[in-house]
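As given in TrEMBL:
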type	residues	note
SIGNAL	1-17	signal peptide
DOMAIN	48-120	domain 'RRM'
DOMAIN	139-216	domain 'RRM'
DOMAIN	242-298	domain 'RRM'
Amino acid sequence: LFILNVIFCCLRTAARALDLLNFTLLNGKPIRIMYSNRDPSLRKSGAGNIFIKNLDKGIDHKALHDTFSAFGNILSCKVATDSSGQSKGYGFVQFDNEESAQKAIEQLNGMLMNDKQVYVGPFVRKQERDSAISNVKFNNVYVKNLSESTSDDDLKTIFGEFGLITSAVVMREPDGKSKGFGFVNFENADDAARAVESLNGKKFDDKEWYVGKAQKKSERELDLKLQFEQSMKEAADKFQGANLYVKNLDDSISDEKLKELFSQYGTITSCKVMRDPSGISKGSGFVAFSTPEEASRA
C-alpha cells in the first residue's frame, strides 16, 4: 500500500482532482484518491463500512465506486486483488455516514451485478464475529491434539462431568491408530458450551487440547474464508497512512541507511530500497511506520 498526500489550495480544486483522477491508470495500476483524514476514529469505528462478495471478476475499483456512489459520499472503495492484479471476487466500501451504508445494503444486497448475485452487508470486525460465533447453540463438540492413549471411555469420563453424553468417539486409522482428534455429542447444548469453555486449552497427558464446536466442512471453509477476508481488510485499515514513498535517492543509499534516516520519527516496520534484477538502486524506496502519526512527522 503506497500513499502520497497532496495539499490543494481550496476544497473545490481538491474535489475536482478527486472526481477526474480517481482510478486513473498510473504505470498500469489504478490510483485511489480520497480525502486525507488524520483522525482514525471513524475508520476504526467501522461506521458506514460495508463488505461485498461474489463480485464478477470484471468489476474493478471504479465500477464498484460508480455503483455505490449513488447512495452517498464514499470515503474508501476497494476491490481485493491478488498479486497479479486480478479480482478476488470481494471488496469493501466505506461511506461517511451509516445511513448511506444502510441504503446501499437495502438496495443492492441480492441484486445482480454483471449477471452475478452479490452479497452486500455490514463489515463485521473480528472481535464481533468471534462473539457472534460463540453465541451459536451447538451439541456436537470437536476435540483435537489427543494423545495416542486417549480412548472413547476417557472422553466419556472427562466430558461426562458437564452433562449427559449421547456419544463420544476418538477417530482412528484403519489399523486402529488414533488420528489425534474426536467428537463428543451432548444431549443439552448448554452442557456442550460449558465443556468447551472449561476444557479448551487444558492439558491432558502433556498435550494441550483444542475443544470447540464441531463444524461441517462447508462451515469450516466459510469461517476460514471470512477470517481471511476480514483480516486483510483490518490490515489495510491498520496501515493506511503509515507507508511512505521516497524517491530521488542516491545510488549509495541502502536499506540500512534509509532506516537510519527515518528511525528518528518512530518505529519502522519495514524499509526497502527498490532495485533492478542486477541489484542497482532504482532511486526510490518505501518506508512503513507503525502509525500514521509517525509517518506524518517524517
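From the backbone N, Cα and C atoms, a Cβ is placed for every residue, glycine too.
Broken down by DSSP into helix, strand and coil, the domain 'RRM' (139-216) contains 22 helix, 30 strand, 26 coil. The DSSP breakdown of the domain 'RRM' (48-120) into helical (H, G, I), extended (E, B) and coil residues amounts to 22 helix, 28 strand, 23 coil.
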